[in-house]
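Asker: Quick one: this structure, given as structure tokens, is what I'll be asking you about.
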Amino acid sequence: MPVARPQAAGPDRISLFLVAFLLGSPAAAQAEDGGPEGEMHPSTAYLLPSASLESSLEEGVTSAAPGLLPSQEALEAMEESLPPALPDEASVQHTPALRKGLPSLKQLNSARRQLRPLATPTTLQRLGSPASATTKLREPEDPEQPTAPAPLQIAPFTALATTLPHSPQPAQAPDDSSPGSPLDKGDNELTGSASEESQETTTSTIVTTTIITTEQAPALCGVSFSDPEGYIDSSDFPPQPYSSFLECTYNVTVYTGYGVELQVKSVNLSEGELLSIRGVDGPTLTVLANQTLLVEGQVIRSPTNTISVYFRTFQDDGLGTFQLHYQAFMLSCPFPRRPDAGEVTVMDLHSGGVAHFHCHLGYELQGAKTLTCINASKPHWSSQEPVCSAPCGGAVHNATIGRVLSPSFPGTANGSQLCVWTIEAPEGQKLHLHLERLLLHEKDRMIVYSGRTNTSALLYDSLRTESVPFEGLLSEGSSIRIEFTSDQGQAASAFNIRFEAFEKGHCYEPYIQNGNFTTSDPTYNIGTIVEFTCDPGHSLEQGPAVIECVNVRDPYWNDTEPLCRAMCGGELSAVAGVVLSPNWPEPYAEGEDCVWKIHVGEEKRIFLDIQFLNLSNSDILTIYDGDEVVPHVLGQYFGHSSPQKLYSSTPDLTIQFHSDPAGLIFGKGQGFIMNYIEVSRNDSCSDLPEIQNGWKTTSHTELVRGARITYQCDPGYDIVGSDTLTCQWDLSWSSDPPFCEKIMYCTDPGEVEHSTRLISDPVLLVGTTIQYTCSPGFVLEGSSLLTCYSRETGTPIWTSRLPHCVSEESLACDNPGLPENGYQILYKRLYLPGESLTFMCYEGFELMGEVTIRCILGQPSHWSGPLPICKVNQDSFEHALEAEAAAESSLEGGNMALAIFIPVLLISLLLGGAYIYVTRCRQYSSLRLPLMYSHPYSQITVETEFDNPIYETGETREYEVSI
């Protein structure tokens, strides 16, 4: 049934106005305050929250009481007078909303904060794209991928909707492809929802708002740098407007052969932000550091000429900031791997550098002998490093000295292997083989022939002879053939045979492993005597210490060379010595039981330094303090152990070693190396040695506990290790003595104000160059290029002092002024160093001095010469004098002529004038010339005088005659 129309200022309209105002719709508020009759402006609409806003919001929204709602006819009239909120009103259908209470102010403010609109540049770029016009709710695609929170958005416009009682329909979403919709221009889709509460309510006011959940796409930004030095500052590249989801990639690429060094100047990131520094090697990205490891001052170097900085943030309240300084540095190839049984010599690791490889005697190089460092985004060697391998057979011509070694690789797939070596000495010489090591498997065989074929005389056959001929083998001629046969899949045999050629009529050169010898004749002729000695820790066995070359017809040594083997126990009384495991450097045998007793001076004690210790877990090494095996044990070791240092309290020390007889089952270790030296027995530490290229100072005369020794290096050397050592309570030093290493780098010369610099190597090694360039408006004073070079004495230094960049005006030369009777070409007030100034003289003057002077750089700058002088030209001066003299002569003649002519002319003019005057005016003239004396007829009156014509005439004539 129809209801009464409410008043314009009814409570329901006030509530609607309040809700619209709180939700931020000025249009709705304006519509509510439209006029006295409550008429709505055609362009206005109500904005009220719908039931689909939030569950909490739904509970706080109720429709007005039926008694306060407009009538059916009034609502239909209002509906016809209002424009639709959307162009296609028919596509949006509404149902009556549930009757809920209006939300409180706190709830609305909370809802507004949660539904804050967030726009992204990606969305803005899609304006006008129908495909992107509508953004729907969607499930997250990948939980592992970081996604931005999906904010709810409120559409900027809503409409007051009515629903007739005979047409209730469920809420529907508008068609995405609806033509002409404003959504096609980039706005978000509007949806509405309502539900019918009761059939008794015929008409109700629908509270509608649109809620859109948008999953934002990130705002992408990419910046590339190619300068050799610069800064990456996040504040220089702010995010696009309305964007809180940002992904930025900063790429720095420098010249090929150079890398990029990043130094962290500052980093201030918010929680959840990601900052990653990556090395770029083609398509491969390698993380060098991330935000968890970045601290101020940290330096990261790229392995190639490109480095990438990736920054990602989800923050909408404020973005993190960071600043990185980058500069180019010269890349180098990695140090090439040294081949086993070989050596490598590297000339330079930078581009163009060369590495040379060679193998020890008996090994052959597999691969290139020389590698070159190739200039690339990541410098690399021209090929793989070669390897040194012992060949299976081979031929040696013109042999002198060499080795035959057991092959490095197994044979065929079935395990069989046949190796043949042919050794030929120069004509007239013979060969001697010394079998330093010969360990053959029971199924392996070695045969040695005195000749090039297997039909030659037999010298040795391992199947026929059980003992090894350690004295060696001599050829009958100039060649030897060695055959080695193995049936093992993995080569178990090991041998090392040394050969040498020698002249007939002489003895061969003797050889002793782990020892040395002296000879009376280096040519080993008849009668030569050789004396052998062993290295420390070894003793002579199986031969005399002295042998002699005998037999003139066929010279040979009167006895075999002895062997030097590591002793299994013994008594040592030297002030210093070495204790080695039995059979060192070969592995010790199983079942060994050795005891060494060391005795030094009575007032001394023993310092034992265990340098290497590698035993099996079933073998035991025990060290006792004293000359008896007593319970006072200094140390007991088994297995592998780090280096140890021990002191005895007496001048005696006992070392006991026991190897397990079942070593073949449980395995054996490699052995041990120990050095000992006698030290002072009093309460002081042993004296420490001097160091090369340095010196030491001692805090006390006696090296008692607490005494310190300080080491220092000569100029040009850096100390490596602790420079100060302290005598500890156990009379041992706190650390090993240091050593001095030659300094191969320069100290940083520093920055130059108003300039930039380019460093070839940030480590500043010898050869590093620094190029300084002044900023515009400044001039470099000094050398622009500094090079670090090494000196024989002293530390490396730079080739010149640090330059300075001074302003052009402060270095300019002032204009020196104009020379008298001269002028300048291209006049200026200031002249920069290097500029020149040219002077010229006026005609008739000659320039004395430099025509052109140059501004010389200095403090202050000055001209290269003084101001020139313009003097009168001598020839011009003489011509001027002659002209002046001629002018004066002509002037004097003219003056004399004028002096004569002018008076004559004046007299003539006077006479002529007088004559003209007299002749023309004598009849009526009353003028008489005055006379110097009184006239005899002065008593005659004037009238009488001039009235007598005869008298006048006579007097006139008489006057003329008198004149």
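Cβ coordinates are placed from backbone N, Cα and C, and glycine is handled just like the others.
Keep in mind that this is a model prediction, so the values were computed, not measured.
Sharing the features that Swiss-Prot gives for it:
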- 120-135: compositional bias 'Polar residues' (COMPBIAS)
- 811-872: domain 'Sushi 5' (DOMAIN)
- N251: N-linked glycosylation site (CARBOHYD)
- N268: N-linked glycosylation site (CARBOHYD)
- N290: N-linked glycosylation site (CARBOHYD)
- N375: N-linked glycosylation site (CARBOHYD)
- N398: N-linked glycosylation site (CARBOHYD)
- N414: N-linked glycosylation site (CARBOHYD)
- N454: N-linked glycosylation site (CARBOHYD)
- N516: N-linked glycosylation site (CARBOHYD)
- N558: N-linked glycosylation site (CARBOHYD)
- N614: N-linked glycosylation site (CARBOHYD)
- N682: N-linked glycosylation site (CARBOHYD)
- 1-31: signal peptide (SIGNAL)
Asker: For N398 (N-linked glycosylation site), list the number of other Cβ atoms lying within 10 Å of its Cβ atom.
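Answerer: Other Cβ atoms within 10 Å of N398 (N-linked glycosylation site): 10.
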Asker: Would you mind reading off the Cα separation of N290 (N-linked glycosylation site) from N268 (N-linked glycosylation site), to the nearest angstrom?
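Answerer: N290 (N-linked glycosylation site) and N268 (N-linked glycosylation site) have their Cα atoms 13 Å apart.
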Asker: Count the other Cβ atoms sitting within 10 Å of the Cβ of N375 (N-linked glycosylation site), across every protein chain shown.
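Answerer: The Cβ of N375 (N-linked glycosylation site) has 16 Cβ neighbours within 10 Å.
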Asker: List only the single closest residue to N375 (N-linked glycosylation site), chosen from the glycosylation sites N251, N398, N454, N614 by CA-CA distance.
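Answerer: Sorting the glycosylation sites by distance from N375 (N-linked glycosylation site), the top entry is N251.
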Asker: Of all the glycosylation sites given, namely N251, N398, N516, N558, N614, which is spatially nearest to N268 (N-linked glycosylation site) at the Cα level?
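Answerer: For N268 (N-linked glycosylation site), the closest Cα among N251, N398, N516, N558, N614 is found at N251.
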Asker: So how many other Cβ atoms are close to N251 (N-linked glycosylation site), meaning within 10 Å of its Cβ?
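Answerer: For N251 (N-linked glycosylation site), the 10 Å Cβ neighbour count is 18.
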Asker: So which of the glycosylation sites is most packed in, judged by how many other Cβ atoms lie within 10 Å of its Cβ, out of N268, N290, N558, N614?
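Answerer: Neighbour-count leader: N614.
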Asker: Work through the glycosylation sites one by one (N398, N454, N558, N614) and name whichever has its CA nearest to the CA of N251 (N-linked glycosylation site).
Answerer: N614
Asker: Around the C-beta of N516 (N-linked glycosylation site), how many further C-beta atoms are within 10 angstroms, looking at every protein chain?
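Answerer: Cβ-Cβ neighbours of N516 (N-linked glycosylation site) within 10 Å number 11.
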Asker: Sorted by position, what residues of the same chain at least six away from N454 (N-linked glycosylation site) have a C-beta under 8 A from it?
Answerer: I447, R481, E483
Asker: Give the distance between the Cα atoms of N558 (N-linked glycosylation site) and N516 (N-linked glycosylation site), rounded to the nearest whole Å.
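Answerer: Roughly 19 Å, rounded to the nearest whole number.
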Asker: Could you state the whole-number distance in Å separating the C-alpha atoms of N516 (N-linked glycosylation site) and N398 (N-linked glycosylation site)?
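Answerer: Cα-Cα distance, N516 (N-linked glycosylation site) to N398 (N-linked glycosylation site): 27 Å.
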